[in-house]
Amino acid sequence: MDLAAAAEPGAGSQHLEVRDEVAEKCQKLFLDFLEEFQNSDGEIKYLQLAEELIRPERNTLVVSFVDLEQFNQQLSTTIQEEFYRVYPYLCRALKTFVKDRKEIPLAKDFYVAFQDLPTRHKIRELTSSRIGLLTRISGQVVRTHPVHPELVSGTFLCLDCQTVIKDVEQQFKYTQPNICRNPVCANRRRFLLDTNKSRFVDFQKVRIQETQAELPRGSIPRSLEVILRAEAVESAQAGDKCDFTGTLIVVPDVSKLSTPGARAETDSRVSGVDGYETEGVRGLRALGVRDLSYRLVFLACCVAPTNPRFGGKELRDEEQTAESIKNQMTVKEWEKVFEMSQDKNLYHNLCTSLFPTIHGNDEVKRGVLLMLFGGVPKTTGEGTSLRGDINVCIVGDPSTAKSQFLKHVEEFSPRAVYTSGKASIAAGLTAAVVRDEESHEFVIEAGALMLADNGVCCIDEFDKMDVRDQVAIHEAMEQQTISITKAGVKATLNARTSILAAANPISGHYDRSKSLKQNINLSAPIMSRFDLFFILVDECNEVTDYAIARRIVDLHSRIEDSIDRVYSLDEIRRYLLFARQFKPKISKESEDFIVEQYKRLRQRDGSGVTKSSWRITVRQLESMIRLSEAMARMHCCDEVQPKHVKEAFRLLNKSIIRVETPDVNLDQEEDAQMEVDEGPDGINGHADSPAPASGINGHSEDMNQDSVPKASLRLGFSEYCRISNLIVLHLRKMEEEEDESALKRSELVNWYLKEIESEIDSEEELINKKRIIEKVIYRLTHYDHVLIELTQAGLKGSTEGSESYEEDPYLVVNPNYLLED
């Protein structure tokens, strides 16, 4: 209950003053706490902090609830249970405390904020039983509204008798006096607000949502509106995971009060001709519809990051210095960080500690680790920003631990967002413009990339995204901004995030005979924006399979014993925070080495078997620079050294060079035919007609020869590509030179044998080469669809000579086939 004054009808100028003795006692005890509580050095703890409040921009004193409990247990209990009731009195005690020591403006208000509450509640635990209690909740900010002035205490002028009515408290909506305080005047409605003499405070609404860790399985995240006032405004941005300390309150639901349906309900009772209402009393059906529209809102007095020291928004803070980070740590923690920086095997130990449950895939672990350290963002003299964040894409067969990497990073990084490409749209990934229910203004609601600002955005099933949605993140991946022009809102928002994506190959399994670009459903612009591509192939290897199976069984049977970490996750977070404040410069020696390695990549691009997965561009040069800077940061170096560039080049080389391609099986069609023949009517079944009994004892003479499996004819992939390119080039040359462009299959075989005449030394070799070229042509026609057979089947007058056409058809190149560079 707040201090209130009310005028009794006919009581003249006498006012009945209602006193809240409990609140006044709390005010006195809280003033004693501010004046008497001392820190370990014997100084009054809050004296200096209170004296700073005389500055114009300051008005809030943050008090530790632990100190309050130590000073007076009964006072802390009363404040916790009756917070909304006693809060104005606590603010008055603070104003008295400051006023006794410094001169302050009379109109200035002061506010108290509490932190370090012992218990933290989830959003779904907030019920009506917690209204008015001091509570601490946590959640992730998903929407922020602009800051507005809020009327907290109004001064009104009576338009009938000109009486000035001061200090009319506003109850979360515009509240006029019930009646004029002049006993002669009976005005109840005609009042004018005097804005010059009223008191306003900064006011901001934010919407928070349950974090993924708090969410029960299968539940939809709940959200809650939080009201911030005074110094608390602009202290939380979209994507922050914060603790809010305050109380749960009930406010009128303005959006429900102003809905068209409610308005129509009240306007339907119109007066008739005789002044009577056309409708009678309709019972309880509409009783109180407009009066019972209330909702729960959290009024916060203090906002703090969920893990303020080595979590929350400070993990990726670029403005930290080594000294400020050292001051946040204990002596023991700082010694551990220093010990880690001197570790000779730091690179390997960090990888094994970060992903202890994933066997193998060491290159992927190294790439993801360097992504967490990141490069150095730069701004050119013209104002162009060069990103420092590293983007990584993992492509691989099913069950190769792609999603596990994403989940590990999401759990480790305090500002990481996990999403699925198939279930996400462009607005959900970038940002959406939505209309506010109360003010009807358009506000921006953060998407996954904005929520992961200064963090990591993990996108699973990246290849399943629609092309329109992939285009939406082009700008975010390179410029690290999101531009929005919708519904009159034009804004450029920050999305300084690293993207860790996982994608599946097109056919479900990675085809080694094709390049990376042909294996995944991603456009060239998206692929060029990734710094690293890692390809995981599920191979049948007895040693590897045994090691993986042993690791999985160990995890299921002895979870604690099987996880072997050199460093704990908290130690890695502390080391990451310390290492990221380094901004290494590239030395002249490293600069020359980077240029040399880039030239090697460019020369290798498109040269024979080592042809790269996609075009090497300047973006790959920038990727090498970022990876080199991340290596230097990891070793806490102020300068990029050639050994850092060498490791960056090695990692980049892993993703750029084509995965080792197997030999091409030219007897694939015969193997397939054999499988068909071995069906129910083949070896295991019974043939329709018995085989003729010939040879010894009724068995075939060639049975012993046929029983031995014949080795399939295989050709090296590079040789297969060379022969196919020769055939395509020859046929296209014939198309350009002659009118009759098509060649018969036999003519094409004879042409090829003449071309390689110098390589043939014997009749047996000639037969072998002829067999190979015939198999290659068959595969190009029926499997790769590079060549097309022209027949006369079905044409009029085509009966004559049709058999020869079937046996020896004309061949032309598929017009849709593009010869690879």
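The backbone N, Cα and C atoms fix where each Cβ goes, glycine too.
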Segment assigned the feature motif 'Arginine finger' in Swiss-Prot (from 220-223, 508-511, 528-531, 700-703): 528-531
Swiss-Prot annotation, ATP site containing His359, Ser399, Thr400, Ala401, Lys402, Ser403 - matching residue among Asn494, Asn504, Asn519, Asn521: Asn504
Swiss-Prot annotation (region 'Disordered') - matching range among 583-613, 676-706: 676-706
Among Lys402, Arg619, the most crowded of the binding-site residues [Cβ within 10 Å]: Lys402
Secondary-structure category, per DSSP, in which Ala401 (ATP binding site) falls: coil
Candidate with sparsest Cβ neighbourhood (10 Å radius) among Ser219, Thr400, Ser403, the listed recorded positions: Ser219
Whole-number Å value for how far Arg619 (ADP binding site) lies from Lys402 (ATP binding site) (Cα to Cα): 25
Nearest recorded site to His359 (ATP binding site) by CA-CA distance, among recorded positions Ser219, Arg619, Lys643, Ser762, Thr791: Lys643
Largest tally of Cβ atoms lying within 10 Å of a Cβ, found at which of the recorded positions Ser399, Asn504, Ser762, Thr791: Asn504
Among His359, Ser399, Thr400, Ala401, Lys402, Ser403, Asn504, the record's ATP binders - longest CA distance, Å: 20
Cα-to-Cα gap, Thr791 (phosphothreonine) vs Ser399 (ATP binding site), nearest whole Å: 45
Nearest recorded site to Ser403 (ATP binding site) by CA-CA distance, among recorded positions Glu622, Lys643, Ser762: Glu622
Residue among the recorded positions His359, Ala401, Glu622, Lys643 whose Cβ has the most other Cβ atoms within 10 Å: Ala401
